[in-house]
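Database features, via Swiss-Prot:
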- Gly9, Thr10, Ser11, Leu12, Asp13, Gly14, Ile15, Asp16: ATP binding site (BINDING)
Amino acid sequence: MYIAGVMSGTSLDGIDVALVRIEGSGVESKVELIHFTTVPFCNDIKSEIQQALSIENSNVQLICSLNFKLGLCFANAVKEVCKEANFSLEQLDLIGSHGQTIYHQPKQDGNRIPSTLQIGEPAVIAYETNTTVISNFRTMDMAAGGQGAPLVPYSEVILYRDPSKNRLLQNIGGISNVTVIPTQQSDQNVIAFDTGPGNMIIDEVCQRLFQLPYDQNGEIAKKGVVVDEILTYCMSHPFLKMNPPKSTGREQFGEEFVSELLKRFKKHSKENILTTVTMFTASSIVHHYKKFILPYYEIDEVILGGGGSYNSTLVEMLRNGLKDENCTIFIQEDIGYSSEAKEAIAFAILANETHHRNPSNVPSATGAKQSVVLGNVTFPPI
């Protein structure tokens with residue numbers, strides 16, 4: 001089957017689309033990446049997403065309209081990846097669309113029950129591409145008592161399991177998440193959870209203090225020094241004390257967190273603040289390894305993916321934090337994969353599993369009561 005996996009993450013970099021060929025289903029699936037592209041959001045759409053994400057500035061009228069606008073954006077991104085690959089849209093069998101997360105409530109909070117909302121209307125995508133769309137992957141896991149995240153572990157088992165090596169798959173997107181893939185294990189024995197912020201705080205600080213969308217290659221952070229009082233404040237966040245399975249998002253590490261941090265520590269230089277929040281991402285990852293993983297597994301390899309794997313300062317901080325653990329750190333490209341395409345490929349794989357009516361959540365990672373078939377299916381008009 002030819003499947004387009006579509007992902008728009010918490011970093012708001014744009015729409016990632018992976019055109020993938022998949023043979024079979026389940027853990028024996030054969031997956032081939034044909035082409036990958038990222039279609040940037042235009043400034044107006046990005047601004048509307050940011051407004052929709054803000055509890056203070058969002059409104060139902062905006063979200064209703066944006067749902068359809070993003071559906072059209074996602075459809076156009078699928079057309080673009082096919083065009084770049086010289087691949088006929090008519091040959092496409094399926095689209096797996098994650099959507100844009102607007103709010104994610106993994107646990108009960110007062111009268112707010114666990115819930116999640118991703119937008120990017122699948123009917124618009126199906127109509128514009130004349131292709132079946134599978135979307136809303138997180139909701140069935142949450143209906144089964146899970147947190148709806150992380151969902152990539154199933155695909156990581158398919159792509160990265162090794163009979164002789166214990167591997168950690170560390171994704172550093174807006175949020176960071178880790179998957180433990182032991183030797184000779186089935187997906188139900190996989191451990192996976194969010195480790196905290198990835199690029200989210202780094203990017204927000206960059207935008208506010210340097211008027212830059214992100215710290216390219218970690219060049220600015222390389223110039224500063226870590227401020228202990230800021231790092232101590234960050235590392236005291238309640239999320240770091242929670243036991244897995246757990247997930248987090250912009251609600252905990254977004255604009256409000258950064259506003260409070262900059263207000264508290266405004267006396268420090270811009271460079272030192274950026275260096276310290278970069279260290280916070282690295283330290284939160286290392287903290288979770290040492291508390292929840294390394295006491296139980298001897299890890300042979302750590303494989304980094306996501307946009308954060310291109311931040312050499314962050315990667316060096318991780319290497320230093322793990323220097324005594326006798327494990328080798330790679331990035332996706334070192335082993336023949338793409339850091340950028342990883343999550344889009346994951347949702348192509350999940351769409352394939354849903355098409356075959358196979359469960360593809362990992363209850364040991366999400367906390368769900370059982371394995372479930374993920375996603376809603378939207379058929380094309382004809």
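Each Cβ is built from the backbone N, Cα and C atoms, and glycine gets one as well.
Predicted, not measured: the structure shown is a model, and the values here were computed from it.
Structural mapping of features recorded in Swiss-Prot.
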residue : record           : contacts (Cβ under 8 Å, 6+ apart)
Gly9    : ATP binding site : Asp16, His98, Thr101, Gly173, Gly174, Glu343
Thr10   : ATP binding site : Thr101, Gly173, Gly174, Ile175, Met200, Gly249, Arg250
Ser11   : ATP binding site : Gly173, Gly174, Gly198, Asn199, Met200, Asp203, Gly307
Leu12   : ATP binding site : Phe41, Lys46, Ile49, Gln50, Gly174
Asp13   : ATP binding site : Thr38, Pro40, Gly307
Gly14   : ATP binding site : Ser8, Thr38, Val39, Pro40, Phe41
Ile15   : ATP binding site : Val6, Met7, Ser8, Thr38, Val39, Phe41, Cys73, Phe74, Ala77
What is the total of other Cβ atoms whose distance to the Cβ of Asp16 (ATP binding site) is within 10 Å?
27
Given the ATP site residues Gly9, Thr10, Ser11, Leu12, Asp13, Gly14, Ile15, Asp16, which other residues of that chain have a Cβ within 8 Å of the mean position of their Cβ atoms, reported in sequence order?
Met7, Ser8, Thr38, Phe41, Gly173, Gly174
